[in-house]
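Report on one structure; see the data block that follows.
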Amino acid sequence: MESALTARDRVGVQDFVLLENHTSEVAFIENLRKRFKENLIYTYIGSVLVSVNPYKDLEIYTKQHMERYRGVNFYEVSPHIYAVSDNAYRSMRTERRDQCILISGESGAGKTEASKKVLQYYAVTCPASDQVQTVKDRLLQSNPVLEAFGNAKTLRNDNSSRFGKYMDIQFDFKGAPVGGHILNYLLEKSRVVHQSHGERNFHIFYQLIEGGEEDLLRRLGLERNTQQYQYLIKGNCPKVSSINDRSDWKAVRKALTVIGFNEDEVEELLNIIASVLHLGNVQFGGEDSGNAYITTDTQIKYLARLIGVDSSVLKEALTHKKITAKGEELMSPLNQEQASSARDALSKAIYGRTFTWLVNKINDSLAYQNTSVIGLLDIYGFEVFQNNSFEQFCINYCNEKLQQLFIELTLKSEQEEYEAEGITWEPVQYFNNKIICDLVEEKFKGIISILDEECLRPGDASDITFLQKLEDTVGGHAHFLTHKLADGKTRKVMGRDEFRLLHYAGEVNYNVNGFLDKNNDLLFRNLKEVMCMSENKILTQCFDREELTDKKRPETTATQFKTSLTKLMEILMSKEPSYVRCMKPNDAKQAGRFDEVLIRHQVKYLGLMENLRVRRAGFAYRRRYEIFLQRYKSLCPDTWPNWDGRLVDGVSTLVKHLGYKPEEYKLGRSKIFIRFPKTLFATEDALEVRKHSLATQLQSSWKGYSQKSKYRKLRHSAILIQAWWRGILARRRAQRRRQAADTIRRFIKGFMYRHQPRCPENEYFLDYVRYSFLMKLHRNLPKTVLDKSWPTPPPALTEASEHLRKLCMQNMVWKYCKNISPEWKHQMEQKCVASEIFKDKKDNYPQSVPKLFVGTRLNGEDINPKVLQTLGSEKMKYAVPVIKYDRKGYKARARQLLLTSNSVVIVEDAKLKQRIDYSALKGISVSSLSDGMFVLHVLCEDNKQKGDVVLQSDHVIETLTKAAICAEKINNININQGSITFTVGQGKEGIIDFISGSELLIAKAKNGHLSVTAPRLNSR
């Protein structure tokens, strides 16, 4: 906690005890304001926690925060509800003494939320098992149930607890929560029948109507409209923006199941809630005689069915009362006003007793014996309204008792600590509010006794006679005042029907109207009898038949409350207390808004300044020697860095070095006590300065140590890595040598057995040979279909090699064919025909192979248009210039050879010299030499033809290939060696002789033959 003192100017001090001007209320509130603006909602007064409601969600309740406070010394961490919870838990475990946490404050200050946080902390941080988890769940789920039935929306708080609650959380020897027990105090039953403007009835009514299923509402006879029910419209506030009744209903139903309610119990409980709503809608009329009668029979039918009684009996009980006169029972009719009051009294009795049954049911589900206990008191704070009635009187009486207990226990713990440390106790002057408590509770003369006496006495007792009795009995008390007893100035602000009490927290005026009725809280005997006849099992437990035979008058509400409060004080006195004081920063429930007037009001009513004054009466600060020395030892050379002697001597040396004056401190047996906060602040400021030099020293030392450690670590790591790597390399080398030796051995043995069938001795060698051949083949596969190379296979793979070769060739051919274009395909088809005709038969064929065949050797402009006109529709497929040799004399003449779809045409300029139909073409002859001579043989029977045609072409292979294809005469090409005989006409023949020479020479020989000398080529 001391670490936060350096920021005290900005965020204030974490403990009000350390305020320099501790008697100033202004300084107190300013410290609260500083911390509130920084979202620091918790502050200590010694061990008391002051909590300011932030009206927004703060990220300080996570599981990580719970772990931060778990098992940590109370003052080592910043103030928090978890610190109080953990301190109480550890005290219970270590000291084996029961603890209690007292949470108080105004409505809307956050008491209920604080109690939830305590329960959540224990649920998360305490040891757990399957059974313990069930108990944890029930403890947590008891909250939404009790809030639904016991909380309501008020002007100051949307979720105000309208009852006091004390819960014992029971722990086993392991520290695990194993059970619990709840005591409830003074439920505000009057809220069932009446609410002030802007307020609501208890949450459960709205949750049932908004969230209940359609079938359920139909069974209960309810409508999904709160405006239909008299008990829900008086506050004129059916909806609240901060409350989701539908989702809350689901949470309550789930919680009831977790706690252990069965379906029948839930059904009967909801029947009771619905019956209260129907009871509120029961209306009365007045007869001429003044007697009341019921005007809403439908409501009575629903009521009778829901609570399980006869409708006629219920009708009579609501309009009559049973009186006993001279031992005889009589039924007396009620007037309209009395009947309405009886109806409301029944509603309050049903709801109040059902709430008590609900608390007992929860207690049954949490029951456990022989345990340690942490009590949790969530009870109303001091209340001062514009109009204060009987409820505020009881609440403020309760707060007087708690304040009395608080002061006594605080002084007691202070005195015990001083005595334990051997320090002289200095008596503290404080306001002892026992005088006010006695004024309220003293037998025979106290206000409660006078109120009971007035309720019991025969005659016309009223609220005003009660006030007069008070004036007569306690009128002289210094803390009591009425309009009659007051001076003129005070009378102006007091009503004639009010009395004033001077509480420890201030003056409160109470209006006596309704005091007697609320204190009596009577229910007519015949109404009790009807409730005892109910078939609803819950109501039969709430209304005991023994009440009907018991002649003793029941205790008044005030006496019951006084008795229960006395028992509560005994419970709290038997436990070690921790305190949480809750405050609200504004009435508008706005985050970030700090209303100093309202805060001052609460500081006064919570008695915080009195608490601080008691805590500061002696010494403001105390710490154990080891903690104090550990924190501040660096400020003294003798204690830094370590003190080896006794702790008390070390602290004494330290404070002397710091210059503490004798009146500023005392040394106890195990603690140092510092009287003034300024002494501690000066010490803390000196530590802050010292931290800078210490930080420099620590940094240099740490850097040196860190670098040396880093170097040693790196060096050690390098050595390890080197040794490891050398080992790996050596093992790898040895392994490679072994593998190499094994491989060589197996290879040699395999080579020796290579000609034998496969066996273990040669299988490695044979596999290697196969593998080597396949890898060699993979690297040297033929790239084209013309590449005939192929590696020589080993004997064992000859057949496989041949299969692979065929597959490879097929694959290359398939790829080649797949990628070939239509034009190239046509070219290849022609080349194939040429190969089939001329390959190895004519000398100049090889020279034609690499040369592509063209579509035609003559363009359109090379052929006379008249020729094209003569051909007409015949499609010309090929044209080439040729030389024609006459049949007689063999004179050479230039001609054009045209191939059409039907015939061979020989053209001279514009004249079509000869047409040979393909059908008249008998064959074509050509020599085997390199000349370009060829002869077209025609049928002799064709009178149109004069004989065979002798031609020469520079492209003889191309020309004859295309002619053979067009005429479909591939097999009619004759390749002759030596000479060609051809028909001249009229049965005469001519001969062409072919010889090899140095150059091409064509001439008529002396023997009358055509002599052709062809140049020799290197191809043959």
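Every residue number used here counts from 1 along the chain in the order it is shown.
Placed from the backbone N, Cα and C atoms, the Cβ positions cover glycine too.
If you look up TrEMBL, you'll see 12-688 marked as domain 'Myosin motor'.
Proximity of GLU106 (ATP binding site) to non-local residues of its own chain (separation of 6 or more, Cβ distance below 8 Å) is seen for ARG156, GLY381, PHE382, GLU383, CYS582, MET583, LYS584, GLN602, TYR605, given in sequence order. According to TrEMBL, the feature ATP binding site maps to GLY105, GLU106, SER107, GLY108, ALA109, GLY110, LYS111, THR112.
What TrEMBL lists as region 'Actin-binding' is 565-587. Within the chain, the region 'Actin-binding' (565-587) has long-range Cβ neighbours (under 8 A, six or more residues past its boundaries) at 32, 36, 45, 47-55, 81, 84, 87-88, 91, 95, 97-106, 108-111, 114, 156, 166, 183, 185, 373, 375, 377, 381, 397-398, 401, 405-406, 409, 593-595, 598-599, 602-603, 606, 608.
According to TrEMBL, the domain 'TH1' annotation covers 842-1016.
Of the chain residues outside the ATP site list GLY105, GLU106, SER107, GLY108, ALA109, GLY110, LYS111, THR112, ASN53, ASN157, SER160, GLY381, CYS582, LYS584 have their Cβ within 8 Å of the site's Cβ mean position. The average pLDDT computed over the region 'Actin-binding' (565-587) stands at 87. All protein chains shown were included, and the count of other CB atoms within 10 Å of the CB of SER107 (ATP binding site) stands at 20. For GLY108 (ATP binding site), the same-chain residues that are 6 or more apart in sequence and have a Cβ closer than 8 Å to its Cβ are ASN53, THR154, ARG156, ASN157, SER160, LYS584, ASP587, LYS589. The Cβ of THR112 (ATP binding site) lies under 8 Å from the Cβ of ASN143, GLU147, ASN151, ASN159, SER161, ASP378, each on the same chain and at least six residues away in sequence. The Cβ of GLY105 (ATP binding site) lies under 8 Å from the Cβ of SER51, LYS111, GLY381, ARG581, CYS582, MET583, LYS584, GLN602, LEU606, each on the same chain and at least six residues away in sequence.
Note: GLY110 (ATP binding site) has non-local neighbours SER51, ASN53, CYS582, LYS584, i.e. same-chain residues 6+ apart with C-beta under 8 A of its own C-beta.
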